[in-house]
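The structure under discussion appears below in the form of structure tokens.
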């Protein structure tokens with residue numbers, strides 16, 4: 001039988017060396033031989049098999065040229081160690097492959113979040129790079145617009161390149177500062193002319209009062225003419241008429257003594273009253289005409 005020949009060859013060659021205690025089941029046995037029950041042997045055959053020994057005599061190494069027994073497993077001259085390793089490899093191949101597959105699946109499951117994180121990191125980096133690119137583009141656009149506006153103001157004296165625009169703008173700003181300083185000085189001069197005096201020149205205040213003047217306007221004109229004849233400049237005049245009394249105050253610039261200015265004003269007022277039509281009355285007039293004047297230094 002095929003099973004007996006297989007076990008006989010295995011016991012003779014391999015089982016005694018690798019499995020001293022028991023003989024393992026062979027993975028190469030057909031399923032039908034294992035599942036189907038063997039027919040019961042005849043009594044004579046059973047007695048003969050009972051007398052047979054479990055061991056066979058060793059007849060020496062089988063030569064390569066000798067024919068193999070019917071149903072025996074031939075080794076083909078292969079080393080026993082290699083055969084055993086091949087058998088064990090075939091027996092453990094399925095389990096090892098399964099363990100390897102599970103390990104690969106676990107590694108792949110662990111790599112999925114890492115890939116996702118790497119993908120998210122790449123997205124963040126790409127978005128940051130995009131925002132940086134947009135900000136840089138906006139900055140360059142603003143800079144170009146500023147150069148264009150500056151060139152519009154200095155186009156007559158500048159070339160189109162940026163260095164010429166900046167240099168021309170700097171020169172133009174310096175010229176504007178010089179012009180501003182000149183205008184400020186001119187403004188101060190005009191203010192001094194409007195005020196009508198030089199701050200270095202002394203100033204005095206002339207005050208006079210006239211009771212019942214014949215003509216207040218004539219009195220004022222006469223006083224101003226007399227001051228003009230003395231090269232005296234009037235800075236300001238303030239006058240008021242209360243009842244029959246004329247009160248006048250003048251601020252004048254003069255280098256003449258204050259007493260001389262006072263005498264000149266009094267003489268001018270007296271001359272106005274003499275020239276009036278009713279000047280037949282003895283001076284200072286029957287109308288009780290009186291005049292007083294006062295000069296005080298302001299500066």
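Cβ from N, Cα, C; glycine included.
The range from 246-272, 273-299 that Swiss-Prot describes as region 'Disordered' is residues 273-299. According to Swiss-Prot, the feature region 'Basic motif' maps to residues 127-140, out of the candidate ranges 71-84, 127-140, 183-196. Taking Swiss-Prot as the reference, the stretch among 90-127, 204-241 described by the feature region 'Disordered' is residues 90-127. For the region 'Basic motif' (127-140), the model's pLDDT averages out at 88.
The residues of the domain 'bHLH' (127-176), classed with DSSP into helix (H, G, I), strand (E, B) and coil, number 45 helix, 0 strand, 5 coil.
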